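Some features that TrEMBL has for this protein:
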- 1-20: region 'Disordered' (REGION)
- 1-11: compositional bias 'Polar residues' (COMPBIAS)
- 59-284: domain 'Radical SAM core' (DOMAIN)
- C74, C78, C81: [4Fe-4S] cluster binding site (BINDING)
- C118, C150, C210, R282: [2Fe-2S] cluster binding site (BINDING)
Amino acid sequence: MVSVGTQSHNSAGKADKDQSADNIRHDWQLDEALALYNLPLLELIGQANAVHRRYHDAGRLQKNSLLSIKTGGCPEDCGYCSQSAHHDVELTREKLMNPTAVVALAAKAKKAGAERFCMGAAWRKVHDGKEFDAVLEMIRGVRALDMEACVTLGMVNEDQAKRLAEAGLTAYNHNLDTGPEYYPKIVSTHSYQDRLDTLAKIRDAGIALCTGGIIGLGESARDRVEMLMVLAAMDPHPESVPVNMLVPIEGTPLAKAEPVDSLEIVRMIATARLMMPRSMVRLSAGRSALSRETQILCLVAGANSIFYGNVLLTTPNADMAADDALLEALGVTAE
Ligand code: SAM
Ligand code: DTB
Ligand code: SF4
């Protein structure tokens, strides 16, 4: 039986360099990771819940608000994405929003209980100039509200990472999306190594990493755990790990992808929790297709963060009123 040691206690959520004394591992092997993923479900959830409770306050859930600050027209060809210019999707393109409007929406999200404000731009990479300056202004504005700020802008260079850090950016979202072998079947315009290079520059600049993936792209369980192995090999582990379930978009190559059994997202979250005990694990896109009870299973299995708000980037999120009822039923408090 595969199990994970959980002997020593540590304070929640903080990733630091000295993780070795705390059963934090960076050397997961494929057979071990797959064995965790394939454990009998109740055993997997039980082990993940025990690790979750040891490293985190299980009565807390982080609420993040998400906003698309620049929508559509992206030159990349990610097969799942509504915003790629390569696909024929019914989507209104929007140029970069102005910082005042963005910060006003962040203030509104804060009032609704969000602690982190995440801003996404459909760019291949950041270009220096007026637009990047405007994004830096958004970050400073969000931080001035005493909220955490996260952006996802595509690839960055070292100088841009440094400027993001100077603006006070809390975290940078840049997903690996799937395992290294399967990735080229999903995207051809950039490589897995490009993603890893951007993550390294962000981390070198002292910004927390938010990086995870999607299930439902036609990948195997092996591809899923291979992605988790790449994430868990990072030292320290990424501070947050979003787990998305594909939101199928009409007009994308993955519009008709075979839907995955919702218990696979529970397995993915539980395995992420076991392999990266201290990271925040975010139950991200796809919640509106999950029952209340499946979402609760995800939280029991170690998810401790959600996107809260009626829309994700371009697709509807779980309804806010339903989320309020869910949180009320759970009796959890916002972080
Ligand atoms: N262009 C930037 C990038 O690729 O990093 C930022 C935006 S991109 C939309 C952010 C992430 O959203 C993707 O890496 C992917 O994990 C997730 N995502 C995009 N479309 C999705 C979909 N249809 N279903 C689930 N997740 C999706
Ligand atoms: C992440 O992992 N999920 C969010 C956020 N990071 C940027 C994006 C979800 C997008 C879902 C599809 C859409 O709304 O376009
Ligand atoms: Fe562009 Fe990001 Fe969508 Fe890929 S996932 S097409 S890089 S916006």
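Here the Cβ of each residue, glycine as well, is placed from N, Cα and C on the backbone.
Computed from a predicted structure; not experimentally measured.
One way to see the shell of the [4Fe-4S] cluster site is to take the Cβ centroid of C74, C78, C81; the remaining same-chain residues with a Cβ within 8 Å of it are E76, D77, Y80, S82, Q83, S84, H86, H87, A122, V187. Most other Cβ atoms within 10 A: among the binding-site residues C81, C210, that distinction falls to C210. When pLDDT values are averaged over the domain 'Radical SAM core' (59-284), the model yields 97. Taking Cβ-Cβ distances under 8 Å and a sequence separation of 6 or more, the neighbours of R282 ([2Fe-2S] cluster binding site) in its chain are Q62, N64, C210, G212, S240, V241, P242, V243, A303, S305, I306, F307.
The CA atom of C74 ([4Fe-4S] cluster binding site) is located 19 Å away from the CA atom of C118 ([2Fe-2S] cluster binding site). All chains included, 24 other C-beta atoms sit within 10 angstroms of the C-beta of C150 ([2Fe-2S] cluster binding site).
In this structure, C78, C81 are the binding-site residues from C78, C81, C118, C150, R282 whose C-beta falls under 6 Å of some atom of ligand 3. For the recorded [2Fe-2S] cluster site, residues C118, C150, C210, R282 set the reference point as the centre of their Cβ atoms, and the other residues of that chain within 8 Å of it by Cβ are N64, L66, R116, T152, A171, N173, S240, P242, S305.
Only C81 of the binding-site residues listed as C81, C210, R282 bring a Cβ under 6 Å of any atom of ligand 1; the order follows the sequence. Separating the Cα atoms of C78 ([4Fe-4S] cluster binding site) and C150 ([2Fe-2S] cluster binding site) is a whole-number distance of 21 Å.
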